[in-house]
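One structure below.
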Amino acid sequence: MSQALNESANSIGSDEQDDTREEANGTDHSGSGSGSGSSGSDSDSDSSSGNSSDGRSSPEPEDKSLSVAGFPPTAAAAQADSKTNGFTDDQEDSSSDGSSGSDSDSDAEGPSDQRNQSINNANTSSSLPKPEQNEEEDNETEAGQQQPASDASADESSDSSANVSPTSSSSSSEEEEEDYRPKRTRQARKPPTAAEKSKKAPAPKNKKKTWDSDESDESEDSDDEVSTAQKRKPAATTSRSKLAQQQQRRRVKPFSSEDSDDDDASKRCATRRKGAAVSYKEASEDEATDSEDLLEFEYDESQAATTAATAEEEEKCETIERILAQRAGKRGCTGNQTTIYAIEENGFDPHAGFDEKQTPDAETEAQFLIKWKGWSYIHNTWESEATLRDMKAKGMKKLDNFIKKEKEQAYWRRYAGPEDIDYFECQLELQHELLKSYNNVDRIIAKGSKPDDGTEEYLCKWQSLPYAESTWEDAALVLRKWQRCAEQFNDRESSKCTPSRHCRVIKYRPKFSRIKNQPEFLSSGLTLRDYQMDGLNWLLHSWCKENSVILADEMGLGKTIQTICFLYSLFKIHHLYGPFLCVVPLSTMTAWQREFDLWAPDMNVVTYLGDIKSRELIQQYEWQFESSKRLKFNCILTTYEIVLKDKQFLGTLQWAALLVDEAHRLKNDDSLLYKSLKEFDTNHRLLITGTPLQNSLKELWALLHFIMPDKFDTWENFEVQHGNAEDKGYTRLHQQLEPYILRRVKKDVEKSLPAKVEQILRVEMTSLQKQYYKWILTKNFDALRKGKRGSTSTFLNIVIELKKCCNHAALIRPSEFELMGLQQDEALQTLLKGSGKLVLLDKLLCRLKETGHRVLIFSQMVRMLDVLADYLQKRHFPFQRLDGSIKGEMRRQALDHFNAEGSQDFCFLLSTRAGGLGINLATADTVIIFDSDWNPQNDLQAQARAHRIGQKNQVNIYRLVTARSVEEQIVERAKQKMVLDHLVIQRMDTTGRTVLDKSGNGHSSNSNPFNKDDLSAILKFGAEELFKDEQEHDDDLVCDIDEILRRAETRNEDPEMPADDLLSAFKVASIAAFEEEPSDSVSKQDQNAAGEEDDSKDWDDIIPEGFRKAIDDQERAKEMEDLYLPPRRKTAANQNEGKRGAGKGGKGKQQADDSGGDSDYELGSDGSGDDGRPRKRGRPTMKEKITGFTDAELRRFIRSYKKFPAPLHRMEAIACDAELQEKPLAELKRLGEMLHDRCVQFLHEHKEEESKTAATDETPGAKQRRARATFSVKLGGVSFNAKKLLACEQELQPLNEIMPSMPEERQQWSFNIKTRAPVFDVDWGIEEDTKLLCGIYQYGIGSWEQMKLDPTLKLTDKILLNDTRKPQAKQLQTRAEYLLKIIKKNVELTKGGQRRQRRPRASRANDAKAASQSASSTIDAKPHDGEDAAGDARTVAESSNSQVDPSTASPHNAPATEQHGDPAKKAKKSKARSKKTSASDNNGNKPMHFTANNEPRALEVLGDLDPSIFNECKEKMRPVKKALKALDQPDVSLSDQDQLQHTRDCLLQIGKQIDVCLNPYAETEKKEWRSNLWYFVSKFTELDAKRLFKIYKHALKQKAGGDGEAKGKDKGSSGSPAKSKPNGVTTEEKEKERDRSGGKKKKKDKDKERSGQARYPETGIPTSGRYADPPLKRKRDENDADASSGLAGAPGGGIGDNLKSMSFKRLNMDRHEDRKKHHRGPDYYGGSGPPMGSGSYEGGSNSRRQGPTSPSTPRTGRGGYDPPPAPSGYTPEMERWQSRDRYSQDYKRDRYDGYGRSGGGQGSYHRERDRRPEKRRYPSGLPPHPYSSHYLPPNYYGLPNGAVPGLPPPSSVYRSDPRGYPVMPRDYPADYRRSDYERRTQT
């Protein structure tokens, strides 16, 4: 292989890096690089990695995983390297390396730091482990033994670009700095002092054999620490299993930013000394030291010597960080000789000329390119597996994973198509270039000498890598390869041109002198254009006049160059050397760096970017001279986020100038970004913006107030002066603003710029698009008919769906355009037939390709970019792509690749927004706008990517518009809106100075500038012609491109147009339109002409009735037909995707670009209207929209909200911490109040949930899962724990009470409460506690890094030290919590020892009564805890005059221990209560809907299923459609008995499927869906739903057989379950004993004598004694008769026995005996968990009530949950259809949140189901009482695997259904509450 190829291979590798770091050794190491030029240490040929055996002072790079953006999944997998997920093998590395981990900072930005955004860093141990553990872990890992995280999980996570270690907290772009932990490394070390040089290595330490690596957390960096460690007694040996347990016992802190806050300390836990637990109790002064407090000491010198020797050997071992590539190499061509610099020095590559095919296998070996941890990329070596094992390299697990990934990649290549491979290779090329740049020094930042031999070395920052990855390199090597970097470093170190606050021109500005010719100091070969020289002179003139200004030149005129030349002129002419602060967007950072290098080479420009470690290095080495403390730099280049994150540090300087690029981000004067930057001490301010000041006059004032606060003091004064400028003219406004704003446009200043010509190409839809278009309109006919009464959001969503249809039919139904397995031509034709635009684009691109043009294609929708990318691949057109998902270096590489000279790229795909800022693509001369933006301004920005300085050809703009569609109307109306409503920028005079001319409506710049009337007219446009067009079945669209181009509407740019691009591009109306009456306005006439005709017509006229009826008939027929078709392969969601997407509230898979706008919106025909009406059920409602905040911003806000005391009063601090400085404070305060109120309301509604669940918790895991689920609240699309959030508020509140709010007062404040001293490795006392509390108040708890960097807190040398010394973050968190508890206790004592007292029972009773009355429904929406519930139950039971339904006051799940009193009285009251039920208020019968965040509201009671519900029922019952079909069609040749058996068998199969479908639902929803599904089944037979269910239940009992009875009896005797009375009240032990008496036996015998015919008169099913009534049945029947007397009319029955047979009570009774007989095997649990009959339940699985049991009695349900005690006030009928919601909240509630809802009055019934609570079998609404049921398994009814003997229809195997119907997973946490099937006592 040639040398070039070898160098190339040096950089190719995977996309991930290891999470670990090489340890910082205790001694100072000698040795330089391993290159030939290194002095002294290169002769060590035994060094296995080619490096000095005892290491070198090379800082290890930051933990990162390089994201290969844009890769397909297979490509990403192919790119993944050998790294595990950071736990298995990386834990081994971290244990053996002992480095202190470092989290990536949230603000990891910058061109050299871009990839930090897709990086996760694992936190490794904080102590130096001992060698025994190192060897043990190495051996175990290499032997295949798994660490606590399995290799499988490691492999899975290694494919992603951001791997999260199970023991590390995530460090995504939203991660905060609080998760960062400094790592102990050798990087960025200062030159050692003489004392350090003379310091000897620590003597070997002797230890006893029991001393384990995890027992020591002391640093061994000094002799003092060594001696300290020797005096300590070794702790007992900690086994590996115990270590794992310690890791699993990590507790989540309430202040954690995420649930895994504390994970960053997990690995440290594995290596910390097992010392005595630290008590933070207040120590009494008279406490004496007990003998037990003293540690015994044992010392084994021989063992210590052995340990030291082993440790020394281990230190010489290198660690694999990454494996970059693999090759078949010549045996022996490994090690140091394969480094880049060794090859260059030797002049040959030892591997050159090697031919694998011609070399014998004996001379060939597999070799791997290794990136060594702690060494830069130039030290990468090729190694074989043998050499790695010989050198005892750590991290060998990575090698195994890498080999595995290589095999997977090879497999993928064999089966992948050529297009996929080609795309993958292109991405690999970009990756290759990026890795290659890592071998080049970007900048030398420090110089030092090695401590052993005094050899010079340089601290080098590498290209495309952050400062944190800087490494010390041998001076000889650096000088040989990067001489220029060394010279530049020396120049900077010796420069006299450094900032000084005494510079005269800062105080006394010089007289302005015009620069007529380009100055000599500007780089040779670079020339400023005339208008740029004018701009430079204007900037200098403004500076001399002390005017801060706004440079508002149009995009593409070189504002960046003018600004840099301005600074360089101050530097050279006026000797003002800074400091200058340039705040620029991250996307333009690379461009700014390049321009500074070109135009101002003598200025020392420092890019202040990266994570906190990088910024620390900058502050240490780049900020100031060590000796004089003078500033080193001239200019700081940074971003908004960084400058605000470090605003206190940066705010200490007096800046000579502040420059803000993209300054329109400062248009809101209420944002924290604005306020923070405004506070900076600056001598001059310059705002740079290329976007016209487009919204309102106030935004213009905000910018002017920022630069000149004295001249533009208040908005009120400015508005008074210029508010009426529109009427009186702009002369006065222009005169006032002229000195402060400069705006030129290209046509005025750049005469040489080629013209820009726009053509609108109108194209017809294909037949498929027309079909979908009409289908969407027809589906939404009901919504469209509402007209102005309709919902704006509904109209907008329909428009968006139609826009997607105009783009491509695949956006409506992606499943119809699957290209996998299709031939090349066939796949291409499949794509083309879905879009008329694509047909035209295909012809247009082919022509442009032939003529040598290069094309930019813009689209709003990322999914459309996916389709276009598929098309370009099929056409083999080389292209690049840029959308919001492609960031950092990959973005730069794509731009450079396209703009490179001789580039073969033909197309560049861009999203309209991602491609709108800071991108120069002037090498393209054609722009195709595939779909126009709502706002034409965005399209203008897109066009400016190509039409800018440097363009040599005419720029052709092709805007594709679908004719006679909403799209055409949108374009037309957008032009009018932008002219009429947007703010027009006019020329002020011939100088080109322009300004915003009028105050207007800021809302017009929103993403949707149209109101409801506009949307209605847009929808009607072209619709009538479309429906009249009957040629929908035409063949392929005929597209004559020549004819289309000839007919195209052409808009040539007119240089003489006196308005800006906005007007010149559209030529719709002149400026006079604003001064004339509306009736004379041309634009008004156009608007009327466009919309009047369409708007006058009704949708009934537009969409023909026959077409609507045909569509409806087709849909109904299709619904029925689907029931009998074979199962489809597509899932239920896909089957109705188009239907729901275009019809009832469907929402496609959202794909958003960088701005979050490229989404497929949910269609809103059933959405919430403007009147706030709820949505229909059947589809998930759209998530709550929090105006102005994305989900990511909400997460950051909530995370920061939990960190600060009194958060509602600390919004500014929260905004800074959450990086929301641009948001107005009023909006943030509104959001904070909303967050707080929502938590308070939620906890008020669920105030008893915690105590109730606490009674049933058995395991910590169960408690944690339940807590998360029970208290989970949503704000927007973000879920959070309401209880934890309020707990954080309460725990931090005392700090707010004692801490002064003013910074000056905080400096004087002292914490004077006595505390126990912590066990830290630094001096820590009251002063440090005081500063820690001040830091928590100022920065929030957990923001330890900010506290460390704040010089006023003086904690820099106390916390987060770069070694293993405490305190680290975990210790600080513990200390902070301890101090907060002490403060809380002190505050309470100060207030008089107030304690929270328990409420008296009377108040609870009153509350219950009030709650019952206020709900005016069958149930209080708020679940109660046990104690309150008992009080409620007693109150209601004892209230003789109460007319409230007993269920109203019934608790959710009351403990049985609360039930006291005389059982006889209880029975009497219960009977009376059941009688009162019939006389309860009618409101009690109305079903209610309960939502966590809203008041209960009545459900609409319908007479039939909603269509969306019907569709869902149809899909759920699809597996048994044959049984449904056969249900009412038995074979007439069969006897009556056989036909009856046939019906039973069908119902068994159907009922079983219903049970399977109900499994995934919360208990509160099971009742409703059971009702819906049985009602759906009733449509296939003449029987009603109740009757069908009754037959099904009876068939289940008959099917169970006699053996079930015996088993049931056995189970029944296994325990003593609690007995339940008919009203559900759980009895005491005495009643249980009585139930076991002989009287019970007699009752049972009596009940058995009753015939089945009497009990089931309608079914005609013969029954025998074994199906006789269960015990207590007669008493229940009496209650039934009492409660139901006088009511009749139930289907199939009347009064008396008929009515009884239909009652729930009877149904539950009948089921009881059979359920005892039925043996529930493993299928009951879906294959897992104990069988119900195994004795895991006391009293057997069929216990109706679990009474109070003794502590020794085992009562464990499935999954380790104990069944809870029975509720009081309980009646069986409450639960049959009304048990809901496993978590007692709106879990999955939103899916059906509007179904059956009505505000109607009383007396309405739902399919005759809502007669009375005890007679309502299938209520439509929510239950009268939210009982939660025990989990019902799929095979509960005794049909194993769906097999029914003798069933004529074929049985369905539900578990393996291809549509993936929900089945209870193996480890699903069982519902811990009682089911409605376990209601009655065991007999």
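Just so it is clear, glycine is given a Cβ too, placed from its N, Cα and C backbone atoms.
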Query: Pick from 346-365, 1246-1265: which range does Swiss-Prot record as region 'Disordered'?
result: 1246-1265
Task: Count the other Cβ atoms sitting within 10 Å of the Cβ of MET555 (ATP binding site), across every protein chain shown.
output: 24
Message: Let's see if you can do this one: DSSP helix, strand and coil counts over the domain 'Chromo 1' (318-414), in that order.
response: 42 helix, 26 strand, 29 coil
All-chain count of other Cβ atoms within 10 Å of THR560 (ATP binding site): 21
- prompt: Where DSSP helix means H, G or I and strand means E or B, what are the helix, strand and coil counts for the domain 'Chromo 2' (439-501)?
  reply: 22 helix, 20 strand, 21 coil
- line: Here the 10 Å Cβ neighbour count for ASP553 (ATP binding site) comes out at 22
- request: Look up LEU557 (ATP binding site) in the DSSP assignment and report helix, strand or coil.
  value: coil
